[in-house]
Structures are given as structure tokens and as C-alpha cells.
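Have a look at the structure below before the remarks.
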Amino acid sequence: MKLTKSALTSPAAVAVVVALTLLVGMLSLFKLPVQLFPDIERPQIGIQTTWRAASPKEIESEIVEPQEQVLRGIPGLESMRAFANRGGAYINLSFGVGTNMEQTLIEVISRMTRVANLPQDARPPRVMLGGGRGNTPALTFFFLQALPGNDQDISKYMDFTNDVIRPRLEAIEGVASVETFSERNREELQIRYDPVKAAEYGIEIPRLISLVSASDDVSGGFIDVGRRQYTLRYSGKYSVDELSQLMLESRGGRNIRLSDIATVKVGNTDRQGMAVQNGNPAFSMRINRANGANVLETLNRVKAEVTLLNTELLADKKLVMVQSFDASVFIYRAINLVTSNLFAGIVLSLSVLWFFIRRIRATLIIATAIPVSLLSTFIVLEITGRSLNVISLAGLAFAVGMVLDAAIVVLENILRMRDKGLNEHDSAEQGAGQVWGALLASTATTVAIFLPVFFLKDIEGQLFGDLALTIAIAVSVSLIVAVVLLPVLSKYFLKQQEVNDPNKKLWQRITGFVMNSTSNRTKRLSLSASLLILPVVITIIAMPKLDYLPPVKRDAIDANLQFPPGSNVKTIEREVIQPIVDRLKPYMDGTKEPALKNYYIFGGSWGGSLGVRVKDQDRVDELLEIVKNEILIDLPDTQVFARQGNLFGGFGGGRQVQVHLQSKDTQALQEVARQGMDWIKAAIEGANVNANPGLAMSEPEINLSPNDRNILEQGWNRRDVGRVVRTLGDGLYVGEYFNGSKRLNMILRADGWDDPDNLGDVPVVTGNGNVTQLSSLVDIQRTVGPSRLTRIDGQRTITLNVNPPKGWSLEETISVLKSQVEPKLRDIMPEGGNIQYGGSADQLEKAIGVMAENFAFALVILFLLMAALFKSIKDSLLVVITIPLATVGGILALQLLNLSVFQPLDLLTMIGFIILLGLVVNNAILLVHQTRLGQEDGLERSDAIEQALTLRLRPIFMSTATSFFGMLPLLLMPGAGSVIYRGLAAVIVGGLAFSTIFTIVLLPCLLRLSKHDFFLGEKQAKQHQQLPTIHVKTS
């Protein structure tokens, strides 16, 4: 082989290239950005529209439905979810991976301009790329707390945060942006009028609205006067004082001004929610990471800057910034675990290698493949813009044993050449050249098998693509190391006496056993049938249940809270949030165990959430029981749902099945959902089930129905009455006021009533000048309405969120839902109703289809590639037909693992079967290749098979054992993040072991079993032609 020959004649050049590779690899390692998971593209767009004080029904009819109409049919749109809440709407658009999101964003913005006749006081829609989270990943979360002794409302520090704190944080290298979240009391210009005084003075409210709205500045352009040019400007805007003195009427010589019936001042809106961290009032800040930034380095810079802010700026104000979510904790834990597994795998692999060779120098020569291959991988990762994360490091850990395979085969063949009497140079050249064809075939198949993984574009492909990339790079480089570096090292550092094989008799005994077991037609037929049929049958019977992504748990408990209908913030704070704070206090103080690191609570009329983090990660299960049975019990009319946090939850990887019930009849749908929850809990014992939105029309409403005849007689229309009613509620938007630094909403609002029974007694001056009570114009009735409306793809929807108990896979859960619950639900669904599945159920169904296609694609690639390399379809088929042995080995390993821990067949584990395809064929390739070489030298087929077994058993068992023990720590060692690749490791370890043991029996059976064995006797079959051969150049 020319490459090996050139390396042997230029050892200095080889040494320089290797040294440069190691040096550049080390530099790349330190330059790679470090993060927990690879960056994930989220093809989503969010649209948020605020309409002050509007009910969910109004939001749905006036905002959501018109927006949905114009958004339908956008290219690439996969789903559209809309949420109508009190005071605002949010629409989430999800697109297929690969969609040009910048072009799509322009299209969405363009279509939103077609929405006509939005309510006057509704804010313009805000369109956000990334579904509101943006395209920049979250780095960490901080809370700004008001410490004891600071009696200021925490929301008053929002402007200070945006003007002072935020710019300092955004100036940090690696930080893309800082977002602040607060149910703040926004400033507004409030015009609060007294309805009684307005009636006494004869002030008609629609006229009052027109007067306070009619204030605008007008530019008249420029005018030339003599030698000067003047700007002509009409200053029509009121100041606060001017607005108070606004003249409304002039009667009997007296001017009636706005100040006679109303007060005008800049005030704050009513508080809609609150946040608490560690017992103190707070609001949160999300710090976003710039793409490509090193998470650990950026976090350290942020923490240093926050320390300066706390000591220099915030301490005097009795404020403090406290971190909530710290990604570095999980990164250090997970990466340390993978790194320790990697080094443990290296030690085990080299120990096994030494056991077979029993020579230190030969072992170290083979071991050089590890640093060169792994460090070369870091170079490619940096060039391709990848990061160093748990997934890419796991790929390197899996590759540790695999990168030794080619080196083992080359060195073993070099030693065999030495045993024949060749010198150092010739043995190195011929030893590498003779196995080059087989190594190229095995490496090409291993790398090619990863192509389907690269083509996965959904979340699973983006998440696990780094795994395939690192293994493919490392294995490719290991081939070059085996045929370039290894011959040079063996020539100069491997002494002649180091060629003895201490296990030579073992290989001879195994060869004799195999040849005897396949010595006649009956044995060959029975063994072939057994080893081909039984694996398929066992695989079908023992196939584990399917799941989506591994449940990577955090040392935190997350809880959702649903408050009593109609609760205001003060009631929520008094009856729910404060009791939770009091119950958590001893755990924060350390007087009760387990001690807490921090916690936060968000609460408002929309609901609430609780996040609790424990100091000792081993006690998170204990904390979950405390939160469920102590912290969140006996809260008045509050429904709670607590669970352990999931790191894959942000990728849609939470183990949750969503059952979408859809119908136009909301009340009927609520009854169906209520019944469905009972049926699901009965069918899946221990499952947590909750409905979103709630199952009752429980939001208290005061419904005012217009009396058209009386309204017309009083000189008004429905719009006039509606505007008056709006002022009696949360207030009517009448324009904007600029205070010199920012624009404030002008809100006209009535005072003087606080009891629904008194609402009808409010006096109003009508269009014809009469004073009447509101009850004469409208019929007032107390009712209840929905607190939230959800629409999926234009249909009203109630979603049942089903979280299966421990030990239940998603496949089992979906199967029970479809077979036992869905038929009952369809029987009671209203006419035109529909049932759909979402969440992990929908994602799993799509992913299984994609994985099945890619597995088939991988098999086709494997077959065609080997057919091209062998120049024989028959030999290629012989290699592929051994694959079921690996599959059944992986399945049995998963079942054994399930005896100790729950391990379903999740997507990462499925990728393990694809990886396994490229690994297990290597042994078959070696045996077929060596058999063909023997036949080429004139040996009978049986003798060629015996020689192939004798010569290749040692490298087969060596490479399998090094791969097996190299990956074993990933399977056995517990720790944070081990669940990510535990199933994958089980599949590869089990598949490799099982396949190796039985392939050395099955393949000789198939090689010795010609088509004539089925019809002729043994003697006649021997007379037929031998297998076709392949010519492999050795120079």
C-alpha cells in the first residue's frame, strides 16, 4: 500500500504530522464552547396581543379568530395554537425543521397587517421569532429581590433594572440579551370620575370621552416670514394640570371643568400578579447566551458582575440579585461523569488489550490510536462550529474501544508477518497492506451507517447528531493511524521477541470446535436455521416498550398551581402564596431537612408556578414527597400538580401525553374532559392527569345585556353604552400622554361603586340629556365564564395532560389511552367533536416513522457499500444476514437492564441499533475477506475458512473486547446524566457480545453451505466450484 510505504520511508514527516495534530487538537479542545446540550433550532413564531380588561371570549372573537384567518396556509406551518386569556392573546406557530424562519417571519408580519378592525385600545400584535423565547438560548435566570426593610413595591425597580442593571449585564462577553419579567404595575395617566357628580352636572360620558381624547399636537410645516423660516406647530396635547382644568360645559355662567367631577393623576395599574424568591418579593431576569459562547466562561463572567452589582449598587437600596437556575451545576456533573467514564473505558480497553497481547510495548503502540483519534475529533468539532457537550463527549466515550479496532488488526497482522520471518520494514508494510481492504470496508460501513442520523432534522436529530459525528470522525482517523502511524511505530519500537501469542492454543480450540460444529450438511442447516430464525423471533417477542427521550431529571421540583376562580392578587397572596412561603421557611433556614438551595413562586389570576431546588441532589425524591404532602396541601380551592424537573423538557422531551378534545360546544367539552380524567386515572393507576384549561365555567362575570329600545329612546346606541360600561370596569383607553420620557396610556375610569348589586344604580346622563340608571339601559345578570380558552388549529380545545407513573413507557400509556379510554370518549363527544394526541405522544409517533425509514436506509447503504467493496452481492448478503444476531443481543441486554432500572426503548437507544449495524459487520467482513484470500491462494473452501478462523479470531476477540469494556462504564456507572446514554450503551454492549459469539459460528455455516447442500449429498457438493474471490493489493 502506497500510504504505508510512504510513511515507512518518511518517519520524521509522520512524527511531525502527529505532533501537530496533537497540538492543534489540544488547542481546539480549550477553544470549544462548553454547554450542557447542543444548540437546538426551534422553528416557532409567537404572536402576542394585549387588550386591556377584555374577557377570554372577547379576546377569542375579536383578536384570535381574525388573526387565525390570515395566518392559515403559511408555507411550512405544522400547527397553530392560540390561547385567549383575560387581557390578552398568544398564538404559537410551529413550522417544520429546515423552514427559512427569517423569510417566514416577514410573511407572518405581512399577514398580520391584513387583520382589520382590532379594538381601539388593543395594543399592536408583537411578533417574536422562536415562539417568545427567541433564537438565543437561555444561559441562566436571576431574581431581583427586595430584602427585609425595603417596603417599596418591587415592580417600581423595573425602570432602574432596565436602565442600569440590564446594560451592565448585556455588556458582558457571551451575553446576547437580558429579558425582565414582572407583573409590574405600569404607570398610566388615570382620569377617575365620579358618576354621581357627572350626573349632577349633566355631563354625558360619551361626550366626556370625546373631549379628553381630542388632544393632539399638529405640525403645520414651515413658513417663510421675511428673512426667517418658522416652524408652524399646534400644541394640542394637555399637561396633567391642563387636563384637570379641561372645560366640559358652561351652564348658568359657570364653567364645569374636569376637576369638578374627576381626579387626574399619574398612577399605577392594578397589580395582576406577583413573584417571590426565597421568601422575598422579586421579579425575574432571563440572561440569554450568544450563539457559540462558552457557557461556563460566560456564567463565570455574569456571576462576577452580579457580585459587583450586589456589593456596589444594590446593597444600599436593600436589594439583591440571586441566581435561580445555574446551568453550570448540571454541566459540571454531567461532563465529569462522561469524562470519568471515558477514562475508565480507556483503562479497561488497554487492560483487556494487554491481556490478549501480554506485551507492554505492543499495547502502548496500539494505544496511540486513542489520543490521536480523539484529539483529531476536537479539531473537526471546532471547524464545524460544534460544542463540547454531554452528547459529543458521550460519542467520544463510545469511540474509545472502537478506535482501537483497526490498530489491533494491523498490529496483529504485522506480528504474524514477523512470525513468518519477515524483517521489521517488510512485515510493517505487508502487514498493513494485506488487511487494508478489510479495514477500509469496515471503516466505510461504520461511517456510512451514521448518514441517516445526520439526516434527522427534528429535535432528536439535532440533539444526537453530535454523537454520530464524533464517533464517525474518531473511527475515520483511527483507520489512518492504523495504516500510517502504527507501521512506523512497529518498525522502530517493536522488537522481534514480542511476537508470541499467549492464547494461540485457545484460538485453535475454538477453530476446531467451529469446524466440527459445521462439518456436515445437517449441522450446517440446523445451525443456520436456528441462528437466523430464533433471533428474529426473540426480537419480536422481547421488544421493549417505546419511549421518546430519556428522562434526565434535575435536582428540582416544579409545580403548577390553579387558583380559585376569580381570585384577585391580594387573595392569592394571602391564602396561597404566603402559606407556601411559611412552610418552606424552615427548609430554607436549614432547621428542617432536606435543606433547600432556593425556590421561587409566581402567582396571578392566570395561575401560578413553584420551583424548589434542593442542595443535596440525592434527596430530590424526598423533597418531591414533602412538596406534595406538606407544602402544597390544604390550600383553599387550589389544585396543584408537582413533579421532578426534566432537563429534556425544554426540547419537548417531558414524558407527557396530551389528549386534545376539540368541539365548538365548550360546556359539553368540559363534561367530556371531566369524565375522561376519571377514566384515565382508573385505566392508568398512579398517573397524574390535569386539564388545561380548567373544567368549569368558573370565572365570575357580571353580564350586561343591552335593552335596545330604551337605549334608542335615550338617544344612544350600543357602542355608547359599551364605552360607558368599559369606564365602570377596568377603564377605557382614551389616548396617550407623553410625560417627557415615555408614553403613558390615558385611562378613563369610574369610581364610586364596589358592589355588583349597586352597579345597576349608577346614574348616567343619556344622549337626550336625561339622567337615568344604568339598569334601565341594560339587563344585569351574574354568570360565570371561562378563565381561559385554548384553540388548536382553529378549534376550541381542552387538553388532558397525562403523566404516566414510574415504570410506564409512553407506548404503553398511548396504547391504553387509545384502546380503553378513547372509545368511551368518542361515545360522549358532542357532534362534530374530535380527539387528537399531542406532546410526547405526537412527537414519538413522528420520530418512530423517521427512525424506521432511517434504519432501512442504513441497511441499504450497508449492503450496497459492501457489495461495491467486495464486488460480490453474495458476500455482501452473507455479512448483512448476521445483523439479527446483534439486534437480539441489544434487545436482551435492554431486558436485563430492566430487571434493575426502568429502561424503555427511547430514541437515543434506537440510534444505538443504527450504530450497532456499522460495528457488528466488522467481524464478518474480516472473516469473509480472509476466507477469500485463502481461496485466492489455492485453498479449498473448508481449509480457507479454517485458516480465516485461526488467523482472525484473535483480532476479532481483541477488538470486540476493547469495544465492549470501553463502553461498559457508560452502562454501569451511575450518576447525573447517566440515563441519557445508559440504554444506548446496553444495546451496543449486548449486541457486540452476542453477535461476536454467534457470528463465528453462523458465518462458517453460511460460507460452507452452498446452494447444492439443499439438494445434493456432501460428496457431490464438494465437487462444485468454490466461492468467487476478491483481489486485494498489498503494496
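Note: Cβ is positioned from N, Cα and C throughout, glycine not excepted.
In TrEMBL, annotation is done automatically, which means it is predicted and not curated.
Copied from TrEMBL, the annotated features are:
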TRANSMEM  12-30  transmembrane segment
TRANSMEM  330-357  transmembrane segment
TRANSMEM  364-384  transmembrane segment
TRANSMEM  390-415  transmembrane segment
TRANSMEM  435-455  transmembrane segment
TRANSMEM  467-489  transmembrane segment
TRANSMEM  525-543  transmembrane segment
TRANSMEM  847-870  transmembrane segment
TRANSMEM  877-901  transmembrane segment
TRANSMEM  907-928  transmembrane segment
TRANSMEM  949-972  transmembrane segment
TRANSMEM  984-1007  transmembrane segment
Checklist entry - For the transmembrane segment (984-1007), what are the same-chain contacts with Cβ under 8 Å, counting residues 6+ beyond its ends? => result 394, 398, 510, 514-515, 517-518, 523-524, 527-528, 531-532, 878, 881-882, 885-894, 896-897, 903, 908-909, 911-913, 915-916, 919-920, 923-924, 927-928, 931, 941, 945, 949, 953, 956-957, 960, 963-964, 967-968, 970-971, 1027
Item to check | Two-stretch contact, the transmembrane segment (390-415) and the transmembrane segment (949-972), at least three Cβ pairs under 8 Å | outcome: yes
Next on the checklist: Should anything in the same chain at least six residues away from the transmembrane segment (330-357) have a Cβ under 8 Å from its Cβ atoms, list it; otherwise answer none.
Outcome noted: 34-36, 295-296, 363, 366-367, 370, 388-390, 393-394, 396-397, 400-401, 404, 408, 503, 554, 617, 647, 954, 957-958, 961-970, 973, 975-978, 980
Item to check | Most Cβ pairs under 8 Å with the transmembrane segment (364-384), selected from 12-30, 435-455, 847-870, 877-901, 949-972 | outcome: 12-30
Checklist outcome for this item: Within the same chain, the residues 6 or more beyond the ends of the transmembrane segment (435-455) and with Cβ under 8 Å of it are 1, 4, 402, 405-406, 409-410, 413, 461, 464-465, 467-469, 471-472, 475-476, 478-479, 482-483, 853-855, 857-858, 861-862, 865-866, 869-870, 911, 914-915, 917-919, 921-922, 925-926, 929-930, 1030, 1032-1034
Checklist outcome for this item: Sequence-distant residues near the transmembrane segment (12-30) by C-beta distance (under 8 Å, 6 or more away from its ends) are 371-372, 374-379, 381-382, 388, 484-485, 488
Item to check | Non-local residues, at least 6 beyond the ends, that sit with Cβ under 8 Å of the transmembrane segment (467-489) | outcome: 1, 3-4, 7-8, 11, 14, 18, 365-366, 368-369, 372-374, 376-377, 380-381, 384, 386, 391-392, 394-396, 398-399, 402-407, 409-411, 414, 428-429, 431-432, 436, 439-440, 443, 446-447, 450, 453-454, 908, 911, 915
